[in-house]
Amino acid sequence: MSGPVTEAARAKINLTLRVLGKRADGYHELQSLVVFAQSGDRLTAREADELRLDVAGRFAAALQGEPDNLVLRAARMLREETGIKSGAHLTLEKNLPVASGIGGGSADAAAALRALTALWGVAPGDEVLSRIAAALGADVLVCLHSRTAMMWGKGEKIMPLADLPRFWLVLANAGIALSTAAVFRELAAAPLAAAPSDPAPVPPGTLDDLAAWLAAEGNDLEPPALTLAPEIGETISALALTAGCLLARMSGSGATCFGLYAAEEEAREAALVLQAAHPGWWLEVSAAGG
């Protein structure tokens, strides 16, 4: 009998997100610089005869009654690819807001793949895991390794980055859930006119240099998300007004936003100020980068 295996499902933050156009296959051509927070969900896998999933934690209620879940889909696909007959009792501690632009479901699915390969003692290899991840969703592959990276294409092209300056993030969500599909519909991206080139490298330099580059790159999903949920603008403004904030922006398709800070003390003070002014908000502080 193998003991339980627990994996962290860390929040994915899109520091930049460019939508270059809609591809012929229906997917959008993207370029995004992503980092991973220290906070996130937790997934535990235990031996069992059948596959089953229990969800607990602050945001568990948002997943109750789902007929299918990315975690279970990941487990079934891994079992099919490896031919394993074992089951597993999966417990997901849901600490991240649902439908919030920080890759929670994708990170959970990736954590399930990591946990179950260990629990079942299988080694499907990178090619198989990448194929499963791509079938589950555009963000699952980058969440498998949960490392700072530039990702592009529909999420299948990933270049790890190890030399970003270290910084601190305050993550803030005012209790808004946004459908990724709805945000893309509102964006109404034009068809991709030509095969895009690879993204330009992140220029080396100081944290101030990085913040200036991030500001210029932007998040193309922020305007359509603001149209659907104007309250996101209030979250961004509140972050931007905190002392030491170098950049305030929405992550992914929203509605979670982040503030970027040079020092831990600045980030923690900002979170305290925001919590006092907005006691209902979800707030997390995390290091990222270097």
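Each Cβ is built from the backbone N, Cα and C atoms, and glycine gets one as well.
What Swiss-Prot records for Lys12 (among others) is active site. A sphere of 10 angstroms centred on the C-beta of Lys12 (active site) encloses 27 other C-beta atoms.
Among the features that Swiss-Prot reports, active site is placed at Asp139 (among others). According to DSSP, Asp139 (active site) is assigned to coil rather than to any helix or strand.
Residue density at Ala107 (ATP binding site): 29 other Cβ atoms are found within 10 A of its Cβ, drawing on all protein chains shown. The ATP binding site annotation in Swiss-Prot covers Pro97, Val98, Ala99, Ser100, Gly101, Ile102, Gly103, Gly104, Gly105, Ser106, Ala107 and rests on sequence analysis.
Long-range C-beta contacts of Asp139 (active site), restricted to its own chain and to partners at least six residues apart, with a cutoff below 8 Å, comprise Lys12, Gly103, Ser106, Ala107, Gly155. Mapped onto three states, the DSSP output places Ala107 (ATP binding site) in helix.
A simple way to gauge crowding: the CB of Pro97 (ATP binding site) has 22 other CB atoms within 10 angstroms, across all the protein chains here. The record gives Pro97, Val98, Ala99, Ser100, Gly101, Ile102, Gly103, Gly104, Gly105, Ser106, Ala107 for ATP. Within 8 Å of the mean position of their Cβ atoms, the other Cβ atoms in that chain belong to Ala11, Lys12, Leu96, Gly252, Thr256.
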